[in-house]
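Trainee: Okay, handing you the structure first.
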């Protein structure tokens, strides 16, 4: 919402800026609206501002003293001061604008007064010089200076006197001896008996407070009016009670809508919007409870509805700024112009998105290159198998091969028929993933599936129930490092099976 800027204080009234700042709220920086005071720290704020702040933090915004809403108290004096300040502000600004600039005559007249005073001081005594200067001031400035000097004398004699009584004393004292009274102002001040008599105090018959005699009439009027106000307040209705706080987490949507309907608020929107609407109503209602003449609930509801409409209008205007709008009657040329204007308007945003995409592409490219380099490493870089690993880590034989391809040695053949090529070579044994298949079986047998091997009885020799010696173990490791033909594979398998003996025969031997 657009708010008209307040006019600044002119240089001649710069002193008023301090008073202006003291009459403003420390939260909204506007003039106090239903001012309330925090008794713990004596800081003042608008009632609505401090209640909204306390809904988030229960402390003073200035000094962080712990405060709750029931601790707040009205400060009617600040409200009256704000009203007087707004009234005086317009008149002071108008007076400052309409008053003519200061003429140089006043400065020359002051110089003349100083010169005359110095000349008289050299020729005559001090009292006579003061009298001449007073006469000169009265002749130059007229009645205005005469009245101002009279007021100063009266303030020195009796500072508690009112303007009405001081005006009467001024006329009687100054009309008799105008020059002598003015000359006495510059000399030593000696209180007279007439002024001492005016300081006598009299007790008020209503409240019993001792009041100066010249103020007793005004005090009596205020006392009597105060008693009438008290009686009228007692007879009038009691102060409006504020609404209690609501725990929204425990309320269902149905109960929340029921509360809104109770005060005449709208029930449209989701739960968060309903909660926000109810909170605003409670804050404004409780703030008006502190006012001398609070607004009704219907007026507060109207204000909330107008605020929501203004907020929605602003949000819609912001959305329309970032959206291209077309109509059916627009030509292709007009549509292209809208597109070009949109591109020019959001060129910086487009460039920012392009830069972000390029940075992300560079990062992903580096990651993909590093992954490709890892996959292209040769197989020789893999760690070699340790020679002391057990035989179970060797690749196992496929069970789907035909039994005819596995030549078995007779059990009664001696073990000395082992081939000479099965010599242990335990240094630098290495293997690859494909060795486990090509070293033991020919390619035709791998391509053509065969019948599964039939089950054998327990008393016959099986490949699972074998005992490996150190010679056969070294032979197996040696075979993995060489490419062999199918015939050599059969011979190697035959030599390996020499060690295989049935358990019954092994026990007999």
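Cβ from N, Cα, C; glycine included.
Given the structure is predicted, the values throughout are model-derived calculations rather than measurements.
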Trainee: Which residue does Swiss-Prot record as phosphoserine, given the choices 99, 448?
Mentor: 99
Trainee: Between 173-200, 201-228, 229-256, 257-284, I'd like to know which one Swiss-Prot lists as zinc finger.
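Mentor: Matching range for zinc finger: 201-228.
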Trainee: Select the most exposed residue of 204, 207, 223, where exposure means the fewest other Cβ atoms within 10 Å, treating these as the binding-site residues.
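Mentor: Output over binding-site residues 204, 207, 223: least Cβ neighbours within 10 Å is 207.
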Trainee: Can you name the residues of this chain that are 6 or more positions from residue 219 (Zn(2+) binding site) yet have a C-beta less than 8 Å from its C-beta?
Mentor: 204, 209, 211
Trainee: Mean pLDDT for the motif 'LR motif' (232-240), rounded to an integer?
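Mentor: Across the residues of the motif 'LR motif' (232-240) the model's pLDDT averages 57 on the 0 to 100 scale.
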Trainee: Using DSSP, what is the helix/strand/coil residue split across the domain 'SAP' (248-282)?
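Mentor: Reading the DSSP string over the domain 'SAP' (248-282) gives 25 helix, 0 strand, 10 coil.
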